[in-house]
Each structure stands twice: as C-alpha cells, then as structure tokens.
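Trainee: Here's a structure for you.
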Amino acid sequence: MHFRVAGFLSVCAVLWHWCNGQNIPVDLEKDNITPPNMLGQEPPTDKTMGQLIMDAMGGFKDILELKNMHGGILMELDMVLSKEQYYSLYQQPNRTQIRRKRKAIRNPNLRWPNGVIPYRFYPGHFDQRDQDMVRQAMREWERNTCLRFREATSSDVNKVVFTDGRGCFSMLGMVGGEQEVSLSSAGCRYRGLYLHEIGHAIGLVHEHNRPDRDDYVEIIWKNVQTNMLDQFNKYTLYDVDQMNVAYDYSSVMHYAVTDFSKGGGLKTMRVKYPEKEASIGKVYMKELSFTDIEIVNKMYSCHGKCTDKYDAVKCQTWARAGECERNPTWMLPNCQKACGKCSVTGKCTDKYDALQCQTWARAGQCEKNPTWMLPNCQKACGKCSVTS
C-alpha cells in the first residue's frame, strides 16, 4: 500500500485520524516508512540486468581489475564474497576442508537476526526520489515476507549502507559491520536492480548458478567471454540449499540469456522451455517472482510467525492509542501482533497481497506450490473451511 508524502504533510499534522482519504498515523508519514508510489518513474530500458551492471562497472576489462574489492572478491558481476564464501562456492584445492567448516548460504549466521535489516544511505549519494525508489523495493520484500527494513541507529553494528559506488553490487547475506550495497547513478537505478541487489544482501545467490540449473538452461560455453567462464560456476547441494523451491526463469536473481557473451549479443544460455525466455533478466518495472518470495520466507522461517512488519515499539504505541480500530486497513497487516490479531477466528483471508494471491492462484500455483500457497493465500486457493 502506497501513500503520497509531498504536498499534504501540513494537513496531516492537523488531522491525525484522517488524511487524503487514508487513515494512517502521522508519525508514519514523518518517518517515510511507506514511500510514494514510484512504479514507472525509472527511465525505460531494454537492457538486461547483466548489461546494465557491466556498463556501470565500465566493461569486462574494468570488472577484471575490480575483482578484489572492499576486502572481498567480486564474482558473477555483482556479488562481493568473503574469502571463506569464495572458497566454499568456487573450486579451490582446499575446498572440501573449508566446506566442512562453513557451507556458504546454508550458514544461518549469514542471515539477519529476526529478519531485521538496518540500513542507511551514504550522505549525498541519493536524492529523495532515488531514496524513495530504493525504499519501495524494500517494501516489496517486506510486503511478501517477514523481513523488516529499518533505518539504522548508532547502536546498530551490522547494517546495509547504500552507496553511489562503482557499479551495482552487494555482499552476500549478513557478513557483519557496515556492508555496502552499491547502486551507481551511472546505470543501476532500476527497480529490478534494487530488488536484485537487496536480494543478495538478504542472502540469495543467482538463479542460473543453482545446482539444478542444467535441467532448465544449457550454458553455451563457446559464446562466453573467455575470462568470464567462472561466472557460470554451478553450485553444489553442499553449498546452496534450494529448500525445495522450484527453479524460476522470472526470478529477480536470474541473469539474461546473452549476459557474459562475446560481443554482447550472442546467447550464453539456451532455455529448455523457450516460451519462458522473454521473462529472463529484465529490470524495467520488474517485480518479485513467486519463488523469490517463497525461498526468502523459508530461509527466514516466516511461515507461522506472527510479527509486526514495522517497528514493534511504534506498533505498540499506535495500538495503545487506538489506531488498530481507527486505522485497521493499515494497522492490521502491518502491526498484526500489537493489534492482537495473530489468531483471528471466523475470518478467512489471504495472508499476503490479495491481488497477487489471486494472480498466482489463476496461474495454478495452489496446485504447484501448495506448501506455501495454502497457508498464505487460503482464500484465493478456495481453501476456506466451514468454520472460517
């Protein structure tokens, strides 16, 4: 749910319980928790995710020069790995020994505690419009998972720092301290890239590097830039836990079929289901796919959790002030625990966005992915019991 911020804050300051037709707490607007709808504000582009990242980095030559950066190792164009992550994910002489010690993204220590990700924008690197676009990408992750992004405070040791760095890149999972997510103004300011780089910070790897990728795409090695062959490294099941989530061509974590190619136009991946090719690696007005949402919910054990999506202290304050009753449209989905609505009886609803649930249901996801769909899109799947 999105609300316009500019132009009516002074009215909101006077009318606490009613503003522009939407019942929302004033403090919510002041904190800019829900940014204005920026969908479609990005400049149109036909470039793929890989092309944009490559251009922002300066091309193949500069990418090779930047391979060692920020105390980590740049791989697959945009993942900055710790040395331990690198040795675990890529073949090295002592890989077996290191793998036993730590299994990369399988390691729960790389996940953000309680699904809370503190963040800040590096001063002067993002104007208000670009900050709003990044926040909207964060809200999309929040709306569909139990993750929560909040502005970092001085007491937060671990946090994400958004910068206007050289290229588009992120560290993988929570590695500790201030970890950079670079979104260069020279080509990274697209919705699909925001969702993608935040996905890496959450702990997601690239879709086309999954252990089962050969069942869905064939790598055309002769068309891959010679010095980029390792970018198509295929992880093993020891390294990456797929959590029984299906491969997804439309994932925001999937590069396009021409990325890493000689000359830039040759196909480096042959899709085994050609009708899916059009959805691969796009960034313009991109949205999370069903499986992007499903795997993060599994990674962070979101199922069955009853939490406040936004700041728990503020939710409790608003609840005590009666906002659950005055502003149920916003409060109940976002401050569920504070409003005491963890176990609502006599009501059958979709836990996640109703329109998305209906779209997924029409696409057959209730049958294809019942483990996730039935508890989260109960109404759309037509599984409301008589007692509901």
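Just so you know, glycine gets a Cβ as well, placed from its N, Cα and C.
Note that TrEMBL annotation is computational and uncurated.
As listed in TrEMBL for this protein:
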- Glu197: active site (ACT_SITE)
- His196, His200, His206: Zn(2+) binding site (BINDING)
- 103-303: domain 'Peptidase M12A' (DOMAIN)
- 306-342: domain 'ShKT' (DOMAIN)
- 348-384: domain 'ShKT' (DOMAIN)
- 1-21: signal peptide (SIGNAL)
Trainee: Quick check for the class: what is the C-alpha distance, in angstrom and rounded, between His206 (Zn(2+) binding site) and the residue listed as 'active site'?
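Mentor: That comes out at 11 Å between the alpha carbons.
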Trainee: Same-chain residues six or more away whose CB lies under 8 A from the CB of His200 (Zn(2+) binding site)?
Mentor: Asp78, Met79, Ser170, Met171, Leu172, Val181
Trainee: Based on DSSP, tally up the residues of the domain 'ShKT' (306-342) by helix, strand and coil.
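Mentor: For the domain 'ShKT' (306-342), the helix, strand and coil counts are 20 helix, 0 strand, 17 coil.
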Trainee: Could you give me three numbers for the domain 'ShKT' (348-384), the DSSP helix, strand and coil residue counts?
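Mentor: Across the domain 'ShKT' (348-384), DSSP assigns the residues as follows: 20 helix, 0 strand, 17 coil.
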Trainee: Taking the Cβ of His196 (Zn(2+) binding site) as the centre, how many other Cβ atoms fall within a 10 Å radius?
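Mentor: Step by step: centre on the Cβ of His196 (Zn(2+) binding site), count other Cβ atoms within 10 Å, giving 28.
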Trainee: Are there residues of the same chain, six or more positions away from Glu197 (active site), whose CB falls under 8 angstroms from its CB, and which are they?
Mentor: Asp78, Cys168, Phe169, Ser170, Val181, Ser182, Leu183, Cys188
Trainee: Around the Zn(2+) site formed by His196, His200, His206, list the extra residues of the same chain whose Cβ is within 8 Å of the site's Cβ centroid.
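Mentor: Counting only non-site residues, the set is Glu76, Asp78, Met79, Ser170, Glu197, Gly199, Leu204, Val205, Val252, Met253.
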Trainee: Looking only at Cβ atoms, how many others are within 10 Å of the one on His206 (Zn(2+) binding site)?
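Mentor: Looking across every protein chain shown, the total is 24.
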Trainee: In this predicted model, what is the average pLDDT of the domain 'Peptidase M12A' (103-303)?
Mentor: 90
Trainee: Specify the secondary structure state of His196 (Zn(2+) binding site) as given by DSSP, simplified to three classes.
Mentor: helix
